[in-house]
Every structure is written in structure tokens, then in C-alpha cells.
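Chemist: Questions regarding the structure given below will be posed in turn.
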Amino acid sequence: MSAWFNQHLTALRDALRRLTATPLNSTLSLFVIGIALTLPAAGWQLIDNVQRAASSASGVQQISLFMALNAERKDIAEIESRLKLAVAGRWRFISREEALKRLQGTAGMADLISSLPKNPLPDAFVIDPVDTSPEAMAQMAKTMGAWPKVAHVQLDAAWVKRFDALLRIARLAVSLLAAVFAAALVVVTFNTIRLQILAHAAEIEVARLIGATDAWIRRPFAYFGAIQGLLGGVLAILLVVIGSRLLTSPVAELAELYGASFTLEGPSVSLAAALLAAGASLGWLGALLSVNLSLKHPD
Amino acid sequence: MIVCSNVGKRYPGGLTALENVSCEIGAGELVFVTGHSGAGKSTLARLIAAIERPTSGSIVVNGQNLAALRGSALPYLRRNFGLVFQDQKLLFDRNALENVLLPLAIIGTPIGEATRRAQAALDKVGLLDRAKANPIALSGGEQQRLAIARAVANRPAILLADEPTANLDTNSAAGILDIFHAFHQVGVTVIIATHDPQWSGLQNARELRLAHGTLAS
Ligand SMILES: Nc1ncnc2c1ncn2[C@@H]1O[C@H](COP(=O)(O)OP(=O)(O)OP(=O)(O)O)[C@@H](O)[C@H]1O
Ligand SMILES: [Mg+2]
């Protein structure tokens, strides 16, 4: 047990020594690994934020009913009475004047609005149905669309569904990207370790001759790969953090333009942990593959 | 403790390095394997340390038949030996002390104790004051002694040295031989392959004389 522990300690020390013995090479592979981890992580981060933005946006489970521009009071009263009969749930009337006032309150819009010759906005109803299942919502929208003087019915759940499908595709794309970059990380480590093995051929030969097991010879290289991957993971976290810091204020400004308040979030603890784990384990894997191949065919 | 029976070694290409060699080396013996260059001394040493396998016959070390040994057991067998190679195989990317530490690291000796043992080994060969020197900065005789220190750091039961006095002047060679004598004195089995006939006929020593791959007695 103690011998086992000491052997691992030696391997770790050797790995660190080998890592620092060739600082330029180590730094270069570190950057390659870091970038390979950063790209999918950044993609993941982006999807996460977009999803959060979408779910925090209001109107997700609402139906918006827009009246025709030439609709009059009696038309509105008609729709109100129909809504009372047909819809279980709450609804709100937003007059065209109220809509315009709201829009004027939005930063940057006031000047634009006041320059308009007449109010371009229609009267509208915003409906929060009790039953928000997609089928029920679609049925309701269809019914309302046929009512008199109704210009347009907007089902806000529809874009959510479409948006979800899009996010799923994006997630899949990022996963594929991650797989490709994971392979790249393994290949980079494989090559680094192959060069390391060549550089330490004399040591490996002597160690073998004087009683080192294959596991003992393999160990420092495995540690080397794992540490390099781990450091690559640290670099990736740093890059993602810096990236999201740089984007935070432009994104907040953009959100403000849309009247929303949204703050970009940096990498979560679980994403950071995943990056470290992925870096270390992929590096370890690449190193082991390399060492196993080299030990079988010493040349 | 080492029994060779009808050992033969034929290298690929048809060259026969050893033929029908039978010998026994008991625990605690001091044995010189002598013979002309190309007689097969190094080959015999490599076969005993299981670095190479005989093409015929069998070798038994400490009751273990080397031919029956699985590859994964080889490292553990090798740890019975302290090996001094004809080409020394010192590592020039580390200092003398670190060279001696290698076999101790392999068996997982705690670093503190390993350092003490490595220093003791360096002390025995008179190199303690050169512990921090790179082997490249050592003289031929000092390099040879460093190779011995590395071989004995583990306190092996068998010390197997191939030409440990090659290329040394008579004085240095005598110094090296004294070191081996000292280990023999404390019960270590010492086997030395040498082409130098001056070591044969030494006190307490037995000679195995090889000529063209066969044992002459
Ligand atoms: N790996 C090898 N492949 C082919 N032939 C070899 C190999 N090793 C040794 N030989 C041959 O086997 C014979 C014995 O070699 P060996 O090295 O055992 O001799 P030696 O007695 O140690 O010689 P020296 O005193 O020069 O070291 C030589 O003819 C040599 O050429
Ligand atoms: Mg020889």
C-alpha cells in the first residue's frame, strides 16, 4: 500500500518535471487543448443563456388577438362577449392608445412614435387560457381567427415550440462539435506523449532492465496527459469566463433595447467541473493509448 | 541458486553465441565469467538476468524456471539482481544521486528512505561527494562506480556485472574489484563477466571460462 502510494507520488513528480522541462512545448499543447475545450464549452454556455432568456421572456403561454385597424367599439364589445363564452381563463384588453403609450415609454422609441402621423397600432386582447396544452391553444387560436374584425391571432407557444426544436438542434450540433474536439484533444495528447516517450527512451529502457513493470513506466505519462488536460480545462474555463465578461455589457444593452433586463451568466460550477473532468480524462486516455502503442512497438 | 542446464543461444541470422552451457552458481559465491571477446560472456549474463531467452536448455534462478516465467513476472525476477551493464546505461538527464534513486523509485521506496539508501550506496563506491554531479562530468572509473552504486542500491541478492573494469587503468580496476569483494564479503552473490584474465585465480573466486560459446573447464 505504502509502496503503491510512493510509486504514484514518484509518477506524479516525474510527470510534473517532464511537463516543466519543456515549457514551450507544454504551453503550446496546453493552448491547443484549452481552445479545443473552449469552443464547445462556449457553445454550451451560449445555448444555456439563450434558453434562460427565452424562458424568462413573458408571453410564453399566451394568445395575442389583434383587431383590425378599422375595428370599432361595438366590434370590441362583440369580441369581449365571445371571449366570455368561449374561453376559460383570464384576458386583458389593451387599447391602441395604451399600446402606443407603452411603446413611447420604451427607450429610444419616443421620438420615433411622435413622428408618426397616426397611431399604427391595433387594439388587442392578451389571453391567458387555463388550458395551455398546445392542442387546446391551437384550437382556440383557430376559433378566434374566424371571429369578425380579428386581423391576426398570435399563438405565443408556437414560437416557443419552434425555438425549443432549434435549441435541440443547436445542442446536438454543439455535442457533435464537442465530440470532434474531444477526439482532437486525445490526438494532441497522443502525439505529445509519443514525443515524450521518444525523449525518455533511455530511461524507459534502463527502468525495464532493472525491474520496472509496464504499469510503472506507463504511470508518469498517464499523469502527464491528465495534468496537461486538466490545465487545458482550467484555461478553457478562463477563456469562457473572460468571453462572457466581455459580452456582459453589450448583451445587457441589447436586452434593454428590447425592454428586457437580462444578464449574461458565466460558466456554471457544473460546466467548469465538466471541463476539468473532460480535460483530465481525455488527456489520460490519449496518454494511455500512446504509451500502450509505444510499449508494444518500441520503435 | 542459479542453475543453467544445456543452455544454448542462437541469434537470428544463425550465429550461435552459446552452446550446451551447464553451470551452477551457489548463493554467496564470487564467480568470474571469462573468455575472449565474442566468447559469449555478455550473452550468458543477459540470459541469467532474463533480458534474453535461451533458444535451448533451461535456466533456474531462485527456484524459478525462467522459461516458465510469464512476462508480467519478469520485473519482479529482475529485482533480485543488481545489474551493471557493459555500456553502463547511466542517465545523463539527472545527477548521480538521481541515477541511484531510480531502482528505489521503481519498488516504491519512500523518498526519504530512498535518498538515505542511495547516499549509502554512493558512499560505498566513494562517490558521495559527487552526488550532485551529472554522470557526464564523471571520469570513466567514476561512471563505472556510479553504475555499481545504482546496482546495489536495492540491496539485491545477486550482483551481476558485465565488464565493470573495461577501459580502466589497473589502479581504478583494482578499486572496483575491492568494491565487489566487499559485497561478496557480506554474502551477496557476485557474478562478473570480464575478458581480463588477471582476475582469474583470485582468492575465494571461481572461474567459468567460455570459449566460442562453450564452457571450458
Ligand atoms: N543481439 C545480438 N544479435 C546477434 N548476434 C549477437 C548479439 N549479441 C551478441 N551477438 C554475438 O554473439 C557472440 C557473443 O557475444 P557476447 O556479447 O556474448 O560476447 P562477449 O563475450 O561479451 O564479448 P566482449 O568481451 O567483446 O563483450 C558474438 O559473436 C556476438 O557477435
Ligand atoms: Mg560482453
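Backbone N, Cα and C atoms are what each Cβ position is placed from, and that goes for glycine too.
Values in this document were obtained by computation on a predicted structure and should not be read as measured data.
Okay, so TrEMBL annotates it like this:
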- A:28-47: transmembrane segment (TRANSMEM)
- A:62-153: domain 'FtsX extracellular' (DOMAIN)
- A:169-191: transmembrane segment (TRANSMEM)
- A:176-296: domain 'ABC3 transporter permease C-terminal' (DOMAIN)
- A:229-248: transmembrane segment (TRANSMEM)
- A:268-291: transmembrane segment (TRANSMEM)
Chemist: Within the domain 'ABC3 transporter permease C-terminal' (A:176-296), how many residues are helix, strand or coil going by DSSP?
Modeler: 105 helix, 0 strand, 16 coil
Chemist: In the same chain, who gets a Cβ under 8 Å from the transmembrane segment (A:169-191) while lying at least 6 residues past its ends?
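Modeler: Distal contacts: 29, 32-33, 36-37, 39-40, 43-44, 47, 225, 228-229, 232, 278-279, 282-283, 285-287, 289-290.
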Chemist: For a three-state summary based on DSSP, what are the helix, strand and coil counts in the domain 'FtsX extracellular' (A:62-153)?
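Modeler: Split into helix, strand and coil, the domain 'FtsX extracellular' (A:62-153) gives 41 helix, 21 strand, 30 coil.
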Chemist: Please indicate, using numbers and ranges, the residues of the same chain that are 6 or more beyond the transmembrane segment (A:268-291) and have a C-beta under 8 Å from a C-beta there.
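Modeler: The answer is 33, 37, 41, 44-45, 48, 182, 185-194, 197, 217-218, 221-222, 224-234, 236-237, 240.
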Chemist: Averaged over the domain 'FtsX extracellular' (A:62-153), what pLDDT does the predicted model reach?
Modeler: 85
